[in-house]
Amino acid sequence: MWKTAILILSVTSAVWSGVPLERQNLPSTPRQEVPVSGYRLPNNTIPLRYNIELTTHVHDHQSPNQFDFNGKVTILLRVLEENVQNITLHYRQITVTHVKLADATNAVLEDDDSSFTTDVTYEFLVILAPSVLRIGNYSLELEYHGELRTDNGGFYRSSYTDVNGNTRWIATTQFESTDARHAFPCYDEPGTRAPIGLKLTHGNAYHAISNMPIKSSLPWNATYTVTEFEDTLAMQTYLLAFVVSDFAFISNTENKQSVYANPVSISNGDLNFALEAGVKVINALENYLQVKYSFPKLDQIGIPDFAAGAMENWGLVTYREEALIYNSTKSPMGQLKRTASIIAHEYGHQFFGNLVSPKWWSYLWLNEGFATLMQYIAADKAYPDLRIQDMATVEALQNAFQSDALENTRPMNSYVETPTAISALFDDIAYDKSGSVLRQLQHAFGDTVFRAGLKYYLDAMQFKAATPADLAAALQRAVDAHQALPSTTNVSDIINSWADQSGYPVLHVSRNTDNVITLSQERYLLKRSRDAVKGTWYLPYNMATSQASDFSSTLPHDWLIDQTVELRPSAALNWTNDDWVIFNKQQTGYYRVNYDDKLWELITHELHHGNHSSIHHLNRAQLIDDSLNLARSGHLKYDITLKLIQFLTKEEEYVPWASLNNGLAYLNRMLAGSNKYNLFKKYVWELVEPSFHKFGLENKPSDTHFAKLVRNILINWACQVGSEDCLTQTNSQLAEVVSNKTEDIDPNLKGVVYCNGLRNADSNTFQYVLDRMHRSQDPSDRMLLISALGCSENTALLEMYLATSLDETGDFGYRGQERSRVFSAVYVNGRVGLETAMKFLDANAATIDRLYNGGSFGGRAIGSAVTGMARRVVNKEQYDEFLAMSTRLESAGYLNAGELSTAKELSGENVQWTNTYFNVIESWLEANVKSGAVRFGTASMMAVTTVATLVAVLL
């Protein structure tokens, strides 16, 4: 499943780059020291196959039963133990009306409407046998009915508006992690598999699709058709999917792939790229893994209302509609990259998660970690010009570093049982940390060995449930065959060191006057304690020096297993006391690196006065991210960091700028209230000005994908610090849109132009853009405009905008997932947005909880929002208000204890930072930045009001 992410149009994000900086619905999950138990099935019976029959009336808008469904499931099962008293299954929000149980001879043991009990808390449906059951096969038939849900989970309803303005309803599914039980009673656990047969009865004007090809589709009567599908292979219940709709589709019959969506998107050609990417990505995965895709077809479908980003249902992958859409004339290049990456992630699941499943949700990272790794590998192979693998550093690894640096972060292996706790596991640890740890193994073992190990794993465990020990055994086999590890080191110990303990290390590097380098490791925490935090990982390390500046090989020089080791120069790897050294080549290891002051000085000198490109661009990004965060946590002096990053005046690569973008945004938030803030803006302007003028504000035909992304970052920062050129040009472009002088803006610049043009716009301008968003039927366009509207710094306008997210009349046309986007767009954009959002949440928590959770995977919209807001609390006054609000939300049941703990830690760390470093940075700025404002004068202020004036005239 693709992690739900929002691209927020602010200075804190690489706009439309596909960098998911705002992790809506994916907070870091606190450890649960005492897991709640009793939610697991007894597993004294197992399914051998399911036959499901469902009837839906979703096509009939005149029927009072339009959203009802009827079902019958026949389960062939096996009793595994003697003297079993009953059969326990999962169910959710359905009414069972009849039970029929027969033995292997077809002798009916019971046939009534009462031989069962239900447990709403544990969601157990218990079939009461008339006598004890012996070991053997049985047939259980259950009849039931239910209602298509409205919360985007289970068997639910969604809708779209056709070309005539009519609402068209569809019936669709989202079963991961525990919602298959809403469509049919079943053994709803990830380690349990069985083949599934499916029949859907639906309106004649609609069609049905599912995981497998259609076996037959025959009229049942004048109104209904029965569509039957071929049986699936043995599979988990959460991977079953089916959609009843009147959607259109395009196909590649040779490769047996199709893409479905509402007819308008199909006719516009918006899905052509998704079909092309699907074919390229599955070929890339099959070639890389040397394992064939298992099902006879592979379809994709865009669903208008969808809580998760995408879902890897075997043979029928479902997506949020905007995730599949790419229009070559209207969409930014970042959307092409994002679509390719999402497809690669979900197709990666066809092998990791589908072909081989985790034995229990504790090992979710075997699904999501591998899918995250495969999204970069496969998408990069499908579209090498986009350089998608380079983005893994800033998108996955450096993002995971933030969540994983908290004291209460969880380990990759985390045992949970309740549905709520299971949903909470779909976090940055399961996706980005796990994917980065697996990437570390790929580079530490070597790609050839790693691929061989993955093939062993997939071959040995196909159609089975796996644990990390199974992965370790397969990789060990490959390692032994290639002698890829020292004899004293084994794969199981390596994996356990990363999967079983929370957090990650910082590698300390120091060099003495005898030219001896000492390496040591400790756990890295944002909130640094006085004493080193003990922790030992199997840490692969390598290095480059000014004498041996080859960054191409990422194989380890050795493994740091103990806490400390000493290195001396050798013929193979030599250095002097005057040489710079860089550890963790291409930042393939999942750890930070801190150097002694002298080594930082030598690195800084090379970046400033030598050839900065002699250090690999991914390591330049590493140096930026590590130094900013090491300074933030007290491991490094800020004067070292602020001097080092000044080399960016000559930087042209995207990944270093993206690393700066993320880290500098934190300083920008924290210093916004300083009386030296103008000096900070001057410092930032000096960083970006050379590249801003070089790249300009207009895209060129010769631009690479990365060049366009760099330009967006530069424009955002230039406008944020008050560049007259930036503000004049972005505001004039929005003014032209408003005055209808131009149809639209270059799609690659649209986000930054709208965001910066709206910062100081008046109510008429704001209302114009708001109306445009509400009229738009293009989900990608709506996403951009929703985010851009949050850039306003006018409290009254933001209050009005937030209020629209609670509208239930339908006038604003928000989908469930869009309501929470409105809220996120506001709180990420500075002090005004945060404080406005806090007051809004405090006053409207009950309504927000009800409406926002329709678009929130796992139903934790408020918990996710509070975690996001906590990262933006910057002073004691905000902290007190935020903590009081959060405590009230917990008391009312909208926050759980773990979410409150995480929010306290994040916001408290910010306040502590302010108390410790605020004056330090102010003093440095005063001493090192010449006073004088950025060129932000009357002309730019006039430009800000130009749009408002034009709108007033037009209206």
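Using the three backbone atoms N, Cα and C, a Cβ is placed for every residue, glycine included.
Those TrEMBL annotations? Automatic predictions, nothing curated.
Computed from a predicted structure; not experimentally measured.
Listed in sequence order, the residues of the same chain lying 6 or more apart from Glu346 (active site, proton acceptor) and placing their CB within less than 8 Å of its CB are Met1, Trp2, Ala310, Met311, Glu312, Val317, Tyr319, Ala371. Marked as active site, proton acceptor by TrEMBL: Glu346.
Its own atom aside, the Cβ of Met311 (substrate binding site) has 25 Cβ atoms within 10 angstroms in the protein chains shown. Sequence annotations record features per position, and here TrEMBL assigns substrate binding site to Glu176, Gly309, Ala310, Met311, Glu312, Asn313, Arg860.
The 10 Å shell around the Cβ of His345 (Zn(2+) binding site) contains 29 further Cβ atoms across the protein chains shown. Positions annotated as Zn(2+) binding site by TrEMBL: His345, His349, Glu368.
Per TrEMBL, the feature domain 'Aminopeptidase N-like N-terminal' maps to 47-239.
Summarising the annotation, TrEMBL assigns domain 'ERAP1-like C-terminal' to 580-884.
Here TrEMBL flags 1-17 as signal peptide.
Taken from TrEMBL, the feature site 'Transition state stabilizer' covers Tyr431.
If you take the CA of Tyr431 (site 'Transition state stabilizer') and look 10 A around it, the binding-site residues you hit from Glu176, Gly309, Asn313, His349, Glu368, Arg860 are Glu368. With respect to their backbone Cα atoms, Glu368 (Zn(2+) binding site) and Arg860 (substrate binding site) stand 20 Å from each other.
His345 (Zn(2+) binding site) and Arg860 (substrate binding site) are 23 Å apart (CA-CA, integer value). Of all the binding-site residues given, namely Glu176, Gly309, Asn313, those whose Cα is no farther than the 10 Å limit from the Cα of His349 (Zn(2+) binding site) are Asn313. The C-beta environment of Glu176 (substrate binding site), restricted to residues of the same chain at least 6 apart in sequence and closer than 8 Å, consists of Met1, Tyr238, Leu239, Ala308, Met311. Cα of Gly309 (substrate binding site) to Cα of His345 (Zn(2+) binding site): a span of 11 Å. A Cα-Cα distance of 12 Å separates Asn313 (substrate binding site) from His345 (Zn(2+) binding site).
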